[in-house]
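Taken from TrEMBL as is:
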- 1-24: signal peptide (SIGNAL)
- 283-305: transmembrane segment (TRANSMEM)
- 347-373: transmembrane segment (TRANSMEM)
- 379-399: transmembrane segment (TRANSMEM)
- 420-440: transmembrane segment (TRANSMEM)
- 452-475: transmembrane segment (TRANSMEM)
- 496-529: transmembrane segment (TRANSMEM)
- 535-563: transmembrane segment (TRANSMEM)
- 575-594: transmembrane segment (TRANSMEM)
- 606-634: transmembrane segment (TRANSMEM)
Amino acid sequence: MAMDFRRSAIAFTLLLSFIHVAHSFYLPGVAPQDFEKVKTLILSCLQGDELKVKVNKLTSIKTQLPYSYYSLPFCQPKKIVDSTENLGEVLRGDRIENAPYSFKMREAKMCNVLCRVTLDGKTAKAFKEKIDDEYRVNMILDNLPLVVPIERGDQGSPPVVYQLGYHVGLKGQYEGSKEQKYFMHNHLAFTVRYHLDMQTDSARIVGFEVKPYSVKHEYDGEWSEKARLTTCDPHKKRLVVSSSTPQEVEPKKEIIFTYDESEVKWASRWDAYLLMSDNQIHWFSIVNSLMIVLFLSGMVAMIMLRTLYRDISRYNELETQEEAQEETGWKLVHGDVFRLPANSDLLCVYVGTGVQCLGMVFVTMIFAMLGFLSPSNRGGLMTAMLLLWVFMGLFAGYASSRLYKMFKGTEWKRIAFRTAFLFPAVVSSIFFVLNALIWGQKSSGAVPFGTMFALIFLWFGISVPLVFVGAYLGFKKPPVDDPVKTNKIPRQIPEQAWYMNPIFSILIGGILPFGAVFIELFFILTSIWLNQFYYIFGFLFLVFVILIVTCAEITVVLCYFQLCSEDYLWWWRSYLTSGSSALYLFLYATFYFFTKLQITKLVSAMLYFGYMLIASYAFFVLTGTIGFYACLWFTRLIYSSASNNHNGRHTIILLQNSPSRATRTFMDYDSIGQAMDGICGLYERKLKEINPSLRNLSYDIADLYNFMDGFADMSALVYEHSMHAYLPYDRQWIKQKAFSHLKRLANGGK
């Protein structure tokens with residue numbers, strides 16, 4: 001991926017060259033500095049530029065609770081200065097401050113004494129707790145994080161991998177003793193890797209490494225700032241190369257903090273940091289998943305195209321032969337397929353929110369692939385996602401109001417209000433509870449009140465108004481007309497097979513979308529909870545495209561099967577079918593928690609499951625919206641295709657209840673079969689009025705004939721395409737068509 005990042009940088013640089021000469025591709029605030037050796041006037045010698053080391057938070061994969069560096073009694077500078085942080089860094093719990101370490105460019109310094117600290121009971125306990133929880137110290141030099149090189153002997157893998165930060169200390173036992181001891185890493189051997197420009201003699205830092213040691217330092221005589229250590233003295237060529245005499249962490253023990261600083265020439269910046277995973281395994285997993293999903297998608301598309309083509313062709317042919325009563329499967333629910341769903345307002349809100357999520361993720365992916373959200377831009381990813389979420393409120397309001405108007409709604413302000421508040425309110429409630437837990441642990445990960453106010457301002461001050469603006473613009477647009485008319489009387493849904501049960505089909509539908517992303521999900525969870533870099537945004541975008549295609553296709557397939565079973569309640573089921581993949585995501589996150597993480601504290605577990613619940617909820621909204629729009633497009637396509645040719649045989653049933661002409665009325669339908677359904681529906685409603693206690697209605701054709709004969713007059717007008725006119729038919733013709741219609745239903749639609 002480092003190669004992908006460089007290619008993106010080259011492409012962007014070439015683009016800028018049309019405007020002005022570009023020397024490199026770095027974002028403002030994250031560009032590396034050039035350091036030189038300058039000649040001083042006083043000493044008339046070359047001295048390197050000062051390298052300013054900064055300390056960041058203490059992190060642990062066991063607790064997931066970050067703490068500021070100076071929450072432990074480490075050596076401090078004369079004045080602690082906090083660095084300016086962006087919104088993403090604050091939400092990540094970063095606390096960047098100046099450090100007491102002093103480096104000079106291209107000047108090695110060995111056995112530098114930082115300070116001496118004498119522990120008391122409280123400080124010793126604090127150090128032991130952090131060592132128990134495996135906390136790591138994070139530092140920054142020229143915007144590069146501090147890493148610990150670890151040599152690996154595995155064949156086929158990089159010889160050296162890097163871990164972010166070094167452990168505060170370690171636990172161990174002296175030889176011949178079973179007593180557990182705590183040891184402090186009090187000697188740090190820093191290595192600054194740099195790239196030297198031979199023309200200008202300036203250097204650019206490309207790596208910042210450390211090897212921590214635990215050393216019980218000794219010195220001669222009384223302690224002073226100028227005291228010379230006997231355990232680390234470059235004049236006597238005594239350097240720290242191991243932890244053979246470690247420094248214990250106990251009350252009343254003195255700890256002398258020291259460090260070495262050496263420099264090594266290196267080629268390029270960030271390369272070493274981005275070699276943190278097994279690339280071969282990652283490539284194999286992604287390609288394998290891609291091939292499987294593409295194969296399944298191709299099979300699904302081929303089956304759907306062949307099946308629909310045959311169905312529509314046969315259906316049009318039957319209509320030409322005036323055999324509309326023989327229509328089967330999805331054609332039968334012509335007059336009900338676009339009937340308003342239950343809780344249509346809530347569906348509009350969730351669809352609008354899903355559009356907001358989809359837009360945020362898509363634009364974030366684009367920026368990430370261009371290199372704007374690389375690991376060098378700390379906190380940039382989270383900041384970008386929050387800002388994009390806020391501005392995508394415009395599209396959320398537009399999408400929800402458009403769907404609401406299609407549902408014949410009139411109160412667009414109510415839909416806009418719900419769209420602006422429902423999803424953010426749920427997420428904010430969970431977030432506030434988790435933040436309160438972090439506050440209780442006195443962790444630096446707790447969001448300050450100032451940042452909290454900024455988040456509320458982004459929500460109420462920008463996102464909510466944009467949602468209302470989008471809703472207003474969407475509601476001004478003309479409504480989307482249904483391709484077929486909806487019958488006044490709902491059609492009774494026949495009993496469904498067990499595999500068409502809504503819960504079963506919804507759960508089945510979520511497996512394939514989850515299968516398209518679960519491999520990449522492993523790497524994402526690893527980067528979040530195991531404190532590693534994630535930089536393969538090109539792969540991630542490819543997986544995202546696969547997810548969209550998979551959600552759309554599996555929803556369309558199951559929607560088609562549902563309509564063929566004469567079940568027209570597809571609106572919510574299309575949303576839940578692909579959205580159910582979020583359930584599998586949360587279950588996988590639970591599996592990951594118990595198999596990959598070592599979290600033991602209750603608060604840390606609550607943080608993990610709380611944040612994964614938010615992620616799963618957002619994934620549900622995102623995938624559900626993709627499936628819904630795919631199914632909406634599919635249903636409108638097939639019914640408009642079937643009705644554009646010969647399914648437009650509009651049928652009008654003329655009725656007169658009594659000899660009085662005032663009782664004349666009519667019912668119109670899109671086809672003859674729907675007209676027969678309407679007549680049967682009238683009779684069934686009459687039976688329910690006579691026998692309201694009956695749950696199941698049963699009647700034979702003779703009863704239906706008697707019902708028809710009860711009308712003073714009954715006839716039909718059927719539109720004939722070839723003549724562009726309506727042809728009249730009498731009561732006897734209607735009886736014949738009703739008989740054929742009921743006979744087909746009795747044979748299971750055959």
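Cβ atoms here come from the backbone N, Cα and C positions, even for glycine.
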I'm a bit unsure how to read this: which one of 347-373, 379-399, 452-475, 575-594, 606-634 has the highest number of Cβ pairs shorter than 8 Å with the transmembrane segment (535-563)?
606-634
Annotated stretches the transmembrane segment (452-475) and the transmembrane segment (606-634) touching (3 or more Cβ pairs under 8 Å):
no
Proximity of the transmembrane segment (575-594) to the transmembrane segment (606-634), 3+ C-beta pairs under 8 angstroms:
yes
Can you work out which residues elsewhere in the same chain, 6+ from the ends of the transmembrane segment (379-399), have a Cβ less than 8 Å from its Cβ atoms?
27, 85-92, 94, 351-353, 355-357, 359-360, 363-364, 367-368, 372-373, 416, 419-420, 455, 458-459, 462-464, 466-474
